[in-house]
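Undergrad: Please see the structure below; I have some questions.
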Amino acid sequence: MRPWTGSWRWIMLILFAWGTLLFYIGGHLVRDNENPDHSSRELSKILAKLERLKQQNEDLRRMAESLRIPEGPIEQGAAAGRIRALEEQLLKAKEQIEMYKQQSSNAVSGLGKDHEILRRAIENGAKEFWYFVQSEVKKLKHLDRNELQRHVDEIIIDMGHQQRSVMTDLYYLSQTDGAGDWREREAKDLTDLVQRRITYLQNPKDCSKAKKLVCNINKGCGYGCQLHHVVYCFMIAYGTQRTLILESQSWRYATGGWETVFKPVSETCTDRSGSSTGHWSGEANDKNVQVVELPIVDSLHPRPPYLPLGVPEDLADRLIRLHGDPAVWWVSQFVKYLIRPQPWLEKEIEESTKKLGFKHPVIGVHVRRTDKVGTEAAFHPIEEYMVHVEEHFQLLARRMQIDKKRVYLATDDPTLLQEAKAKYPQYEFISDNSISWSAGLHNRYTENSLRGVILDIHFLSQADFLVCTFSSQVCRVAYEIMQTLHPDASAHFHSLDDIYYFGGQNAHNQLAIYPHQPRNAEEIPLEPGDIIGVAGNHWDGYSKGINRKLGRTGLYPSYKVKEKIETVKYPTYQEAEK
């Protein structure tokens with residue numbers, strides 16, 4: 001028997017499974033497009049709903065007529081009976097009105113939460129299956145050299161075409177029936193609501209009486225880390241109903257403080273003075289302390305529930321329906337408020353946009369070298385990033401005209417731009433090498449370096465897709481800002497290492513939805529309902545984590561779990577709506 005015969009059968013088995021999955025998903029997604037009467041039926045349904053609403057309105061009018069109390073004297077017994085009948089009719093009318101309101105709301109407010117969860121599950125499942133097939137088929141290359149390797153390469157190319165076809169169908173599905181417009185409206189409504197609440201909290205009428213939480217920006221780390229430190233402070237201030245006082249004088253990046261770069265976090269209350277002051281000792285213990293000083297998250301004890309990755313209980317259903325990663329969306333709202341630029345910075349961004357020729361379509365690539373490599377992250381050559389850049393441009397080409405394949409390259413390695421241009425002449429690289437020089441360790445804590453990192457983050461967040469390492473705070477900040485620019489940009493990235501995380505976050509848990517029996521010593525068993533503490537995604541179809549019920553750590557198929565959304569009882573700041 002030829003050495004690759006068994007392997008080839010295995011490849012055909014994978015192909016069959018993949019084809020079956022595509023046929024099943026694609027059949028469901030394109031069925032409507034194959035039916036020429038679909039639009040007509042949908043229009044008929046809408047007209048029928050309008051007719052029902054018209055009839056229901058007439059029913060209510062007649063009910064209102066019957067509720068009119070007749071003029072003139074009536075007997076007491078008859079009056080009592082009439083009142084009881086009126087009460088029953090009023091109750092029935094109230095129930096019907098609520099039902100009609102709900103029906104009307106469903107008719108105009110877009111698709112249901114379950115539809116959106118399912119859409120994202122299909123998208124994620126297809127991606128995870130693709131990671132798996134890529135990984136497993138690539139392994140077969142080493143079993144033989146000639147014909148097998150050629151077949152494997154062809155399989156990967158063909159499967160890539162099919163995967164992009166499914167992803168394109170999913171994109172168009174997400175825009176059908178007014179769903180795209182609904183997402184835009186809902187994202188704006190939620191953002192406006194949260195920003196009003198934050199603004200209310202940060203601008204008390206009487207600063208001398210306001211409860212305050214003091215946060216010092218000078219944590220011993222870089223800009224992205226310091227920004228996340230302030231976000232952590234802000235989230236706890238919001239949860240404990242305290243105005244955030246940001247101490248930023250003698251900031252390592254700008255000695256004039258935060259307000260010289262971004263707008264003040266408050267217009268009415270920047271004074272930390274109060275009748276009593278104390279260090280954080282827990283929300284309940286600090287109840288009667290007016291001014292509380294917060295430590296860095298590493299030293300926080302006791303830990304309140306307001307840390308990421310929790311989301312507000314009162315917004316959770318809307319966020320789950322709207323966004324693929326509600327926890328990131330929630331973090332992004334605090335980032336949005338904090339980084340409102342001063343006029344000079346806004347002008348600097350506009351001028352840099354014109355100078356660099358930044359325009360769409362463009363993919364953002366962030367390559368972190370210097371201090372991260374060898375300590376917090378592994379070295380990744382430019383080729384690893386460009387694989388995912390090319391894949392996404394091929395996907396974009398399915399739904400738009402690509403005039404040029406532009407890449408915004410942000411890096412702290414000044415030599416990388418020329419290397420990238422030499423290796424990939426078919427791409428247009430947009431980059432400011434002076435920023436790379438200023439990002440070096442010897443120049444890092446300067447105002448010029450601050451300007452550079454802010455510009456890099458801005459352009460990365462503006463890109464159509466982001467390829468980076470989530471071990472880098474700069475990359476995660478760009479991803480967070482990206483969420484404020486789109487209704488749902490949760491899938492607009494590929495990380496070469498970590499999944500998204502927030503330093504100091506509470507446990508990141510997933511919920512098993514399918515059983516799994518380990519096939520080797522590296523894997524762990526799953527049963528539906530098991531809670532898995534996720535450590536990371538290997539981007540090959542498998543994730544690593546701990547089964548909290550069994551206490552076992554290992555690998556498991558990524559598609560067999562879903563995110564466990566943690567909700568937190570945050571204050572709702574009803575006063576902000578008055």
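Cβ coordinates come from backbone N, Cα and C, glycine included.
The shown structure was predicted, so the numbers you read here are calculated from the model rather than taken from an experiment.
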Undergrad: Of 162-168, 302-308, 540-546, which span is tagged motif 'SH3-binding' by Swiss-Prot?
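TA: Comparing 162-168, 302-308, 540-546 with Swiss-Prot, motif 'SH3-binding' matches 302-308.
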Undergrad: I want to verify the bond table. Which candidate from CYS207, CYS468, CYS475 sits on the other end of the disulfide that Swiss-Prot records for CYS269?
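TA: So the cysteine that Swiss-Prot bonds to CYS269 would be CYS207.
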Undergrad: Among CYS221, CYS233, find the residue that Swiss-Prot gives as the disulfide bond partner of CYS225.
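TA: Disulfide partner per Swiss-Prot record: CYS221.
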Undergrad: For the C-alpha pair, I'd like the distance in angstrom between CYS269 (disulfide bond) and CYS221 (disulfide bond), rounded off.
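TA: With the alpha carbons as reference points, the distance is 27 Å.
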Undergrad: Checking distant contacts: for the motif 'SH3-binding' (302-308), what same-chain residues at least six beyond its ends satisfy Cβ-Cβ under 8 A?
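TA: Answer is 232, 235-236, 238-240, 281-283, 327, 330-331, 502, 504-506, 568-570.
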Undergrad: With every protein chain in view, what's the tally of Cβ atoms within 10 Å of the Cβ of CYS215 (disulfide bond), excluding that atom itself?
TA: 24
Undergrad: How many helix, strand and coil residues does the motif 'SH3-binding' (302-308) contain under DSSP?
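TA: Reading the DSSP string over the motif 'SH3-binding' (302-308) gives 0 helix, 0 strand, 7 coil.
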Undergrad: Of CYS207, CYS215, CYS225, CYS233, which is closest to CYS468 (disulfide bond) if I measure between C-alpha atoms? They're all disulfide-bonded residues.
TA: CYS225
